[in-house]
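Student: Let me give you the structure first, and then I'll get to my questions.
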Amino acid sequence: MKRAALERLIPGLILLIYAITRVTLLFQMNEYIDYDEGTYLLIARLINQGYLPYRDIFAVHPPLYYYILALWLRVFGDSYIVGRMLSVVAGGISIIIAYKIGSELRDEKLGILFALALVLDPTILRVNRLVLHDTFVELFVIFSMYYFIRYKKTRLIKYAYISLALAGIGSAIKFTIIPYIVALYIVFVLMLLGEKSWEYIESGLRTVLSSSQVLVVMALYLLLAAVFVSLRMAWPSWVTEKILVLLGIHPFSLVGHKYVGGLIVVAWAFLTIYVFGCRYVGKLVHIARETMGHLKPAAYLLLSLLIPKAVVELLLGYAVSTDYLNQTYLLQSSRYFSFAALFQLSSEVINTFYSGVQERASVFVPMFFLTAVTLVLLLRENQLKRDSAVSLLFLLNFVMYMLLFPIIPNLRFLIPFILVFYLFALDVVMSAGSMGNFRNLMVFGTVFLLLMSMTDYGLLINAPRGSLELPMSIHSKSLRDGADAYLESHPCNVTYSINPMNAYYLGLNVPPWFVDSFGLLYMAEYPPGRLVEDLKEIGVDCIVLGTWMDKISDRNSDLNALYSPIKSFALVNGTPIFSGSYSNGDLILVSRIDYPARMLTPESREGKLWLLDGIHETFAVYPIASNQSFNFSTVLERLDGDSFLVKWYNEDSVYVVATVVANASGVMITLKNDTAELVVTFSGIAIDDDGNVPDPDMREDVLNIYVGTEKFWVAGRELHYTSKGRVLVRGKLLKITKVIHSGRS
């Protein structure tokens with residue numbers, strides 16, 4: 001009786017856990033990952049203002065989510081919190097349906113485990129609390145899977161039509177659902193076939209999903225290692241060095257690797273046929289012939305999928321702009337390769353452990369655990385009574401997502417596959433005879449819950465603190481709030497923000513077509529120089545730069561080349577009216593395009609005041625007082641004309657204030673605190689007026705400092721050259737002037 005009461009209570013507890021984990025960080029901002037959020041929020045806001053995607057706004061995804069989000073914001077209010085609540089609600093509905101799926105397929109225990117997996121999965125946890133398409137992809141896939149299970153149990157064709165129709169509508173949300181749709185459609189067509197065909201299919205499933213495949217893959221890689229090394233020894237060339245590599249261990253980094261990926265898959269197929277003694281030709285012919293006899297119902301199934309999709313996309317996409325197909329499907333199709341995702345994911349996991357940054361593998365924890373448990377049960381019990389239709393759906397999703405479709409192997413884009421994997425793996429686990437024992441089931445559930453809880457605790461608590469090496473910009477909100485407060489009294493007319501989330505949160509007036517800079521520059525290959533000219537023509541008077549652009553430019557040379565012209569335009573032709581940064585690299589910069597006559601540009605970077613010569617860093621300046629360095633955070637605000645106010649903070653939020661004047665004569669910094677001294681750091685050499693390197697024991701009033709090919713004159717009271725690249729200023733006044741001569745252009 002107590003056990004039955006507990007089982008009735010568990011679904012409610014799961015929803016409570018869901019609510020707590022999603023709402024915990026609802027207000028948190030992280031510029032590392034909120035570019036997409038800002039794009040969708042800004043597009044939804046523009047829709048509510050009368051602009052349309054594809055015609056007025058460059059947009060790279062199908063239309064349905066944009067309009068759902070726009071309607072939600074119109075009804076409940078236009079803020080990022082309201083936008084995130086839409087994802088929370090949609091994800092909660094998915095949890096309820098997941099429970100029903102597991103209960104329909106096997107029993108309430110499977111329903112509880114399947115729902116719990118979705119609640120605790122790190123990838124799904126993240127997308128459920130952000131303004132992203134992926135939660136709605138999850139929702140439509142889950143609904144589709146529910147009617148798939150209903151059809152499997154009842155064989156009522158209406159459920160197949162509903163399942164495919166829901167999946168088709170889901171494809172008007174985001175194209176990453178398409179591999180799932182193809183797999184689902186194939187399974188439905190095969191479910192039309194007779195008993196003999198399904199005996200052949202089941203035989204194939206037993207072979208491919210056998211635990212012996214672990215040995216097959218190991219043998220294959222050992223053979224390939226022998227072949228590739230031998231070829232390298234006999235034929236030393238670029239091909240044998242760079243192309244013929246063991247993908248999955250070696251990163252997928254060249255276009256030619258897709259051919260090696262295809263070779264590995266074909267070699268695996270032949271080795272499997274040899275090892276298991278498969279006789280497949282006659283079976284495939286039989287299945288093909290029987291399928292040909294079901295063309296009419298197969299066509300009806302296809303129409304049930306295509307008609308809802310076509311209606312949505314014709315009305316909201318193609319009818320709006322004839323460029324719809326190009327902006328969405330054609331541009332997206334070139335982003336990755338077939339025969340790549342599986343090998344890239346594998347190499348990334350291996351590299352994560354090799355590099356010692358294990359937290360980056362946190363998203364794989366549930367897959368590691370469930371795969372390990374499944375293999376152990378297969379080894380212990382040989383054959384498990386898994387569901388054939390679900391197994392086939394999983395296998396086909398694996399083939400579509402990991403091998404055939406050019407999907408970028410980001411787990412956020414693989415959510416349909418993850419959902420099918422969970423249902424398959426948990427069904428296999430629950431089919432084991434040992435799981436019929438309540439104690440064994442409780443042990444499995446407890447270990448799974450413990451591992452997932454620890455992982456999620458790290459994501460929810462430790463990562464926002466900066467305790468883990470995960471992409472976190474923990475100061476994003478405070479920087480944006482500072483910029484927002486300044487812009488209230490110093491507004492811009494038309495602003496261009498590289499990260500749309502900055503523009504959305506700050507409520508800036510933006511040029512609609514150029515909202516998604518990444519989509520335009522990287523996917524549509526829009527020339528960066530042309531974009532700069534367009535911004536001039538539109539009359540953009542402010543440009544916002546931030547952490548997102550800074551980090552992706554450092555990480556990817558191609559993206560750095562795309563964004564450098566915009567960054568240069570903002571720094572060289574603009575004045576930083578607000579600039580804030582932290583020592584961990586978080587930053588925001590609002591630059592007003594006013595074409596100033598200025599020698600050096602002050603800007604806040606890495607918690608210090610930096611002086612830029614064009615786009616080149618020259619000097620970093622920060623104060624020290626009472627044996628404390630004030631370089632944890634720095635805020636620079638323009639007062640008027642060439643005058644600025646700078647505040648340097650330490651970790652206790654105590655600050656030192658100075659005024660900065662930056663004009664054609666140079667930069668003058670005047671401290672307002674009597675007890676503080678300035679530290680100036682640089683990458684270069686310093687000499688005194690006699691041409692000698694200053695003695696560390698001497699005090700100078702003037703130093704000549706060379707940074708790169710440029711010479712600067714640094715003046716102040718008692719300049720103490722304490723070490724290479726570091727000068728301590730005893731007085732309250734510091735002046736830095738660039739000596740004009742023929743040098744770097």
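Using N, Cα and C of the backbone, Cβ positions are placed for all residues, glycine too.
Automated prediction, rather than curation, is the source of TrEMBL annotations.
Model, not experiment: these values are computed from the prediction.
So TrEMBL lists the following for this protein:
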type	residues	note
DOMAIN	61-196	domain 'Glycosyltransferase RgtA/B/C/D-like'
TRANSMEM	12-29	transmembrane segment
TRANSMEM	81-98	transmembrane segment
TRANSMEM	110-125	transmembrane segment
TRANSMEM	131-149	transmembrane segment
TRANSMEM	156-171	transmembrane segment
TRANSMEM	177-194	transmembrane segment
TRANSMEM	214-235	transmembrane segment
TRANSMEM	255-277	transmembrane segment
TRANSMEM	298-320	transmembrane segment
TRANSMEM	361-379	transmembrane segment
TRANSMEM	414-434	transmembrane segment
TRANSMEM	441-460	transmembrane segment
Student: Are the transmembrane segment (12-29) and the transmembrane segment (110-125) close, by which I mean at least 3 Cβ pairs under 8 Å that are 6+ residues apart in sequence?
Tutor: yes
Student: Report, as numbers and ranges, every residue of the chain located at least six residues beyond the transmembrane segment (81-98) whose Cβ falls under 8 Å of a Cβ in that stretch; write 'none' if there are none.
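Tutor: Non-local partners: 14-15, 18-19, 22-23, 26-27, 37, 40-41, 44, 68-69, 72-73, 111, 114-115, 117-119, 124, 127-132, 135-136, 138-139, 142-143, 146, 419.
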Student: May I ask for the residues of the chain that lie six or more residues beyond the transmembrane segment (361-379) and have a Cβ under 8 Å from a Cβ within it?
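Tutor: Long-range Cβ neighbours of the transmembrane segment (361-379): 117, 120-123, 210-211, 214, 349, 352-353, 411, 418, 421-422, 425-426, 428-429, 432, 434, 444, 447-448, 451-452, 455, 458-459, 470.
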Student: List the helix, strand and coil residue totals of the domain 'Glycosyltransferase RgtA/B/C/D-like' (61-196) as derived from DSSP.
Tutor: 112 helix, 0 strand, 24 coil
Student: Across the domain 'Glycosyltransferase RgtA/B/C/D-like' (61-196), what is the average pLDDT of the model, as a whole number?
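Tutor: 97, rounded to a whole number.
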Student: By Cβ distance under 8 Å, which residues at least 6 away from the ends of the transmembrane segment (255-277) in the same chain are close to it?
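Tutor: 207-208, 210, 212-213, 216-217, 219-220, 223-224, 239, 242-245, 247-248, 337-340, 342-343, 403.
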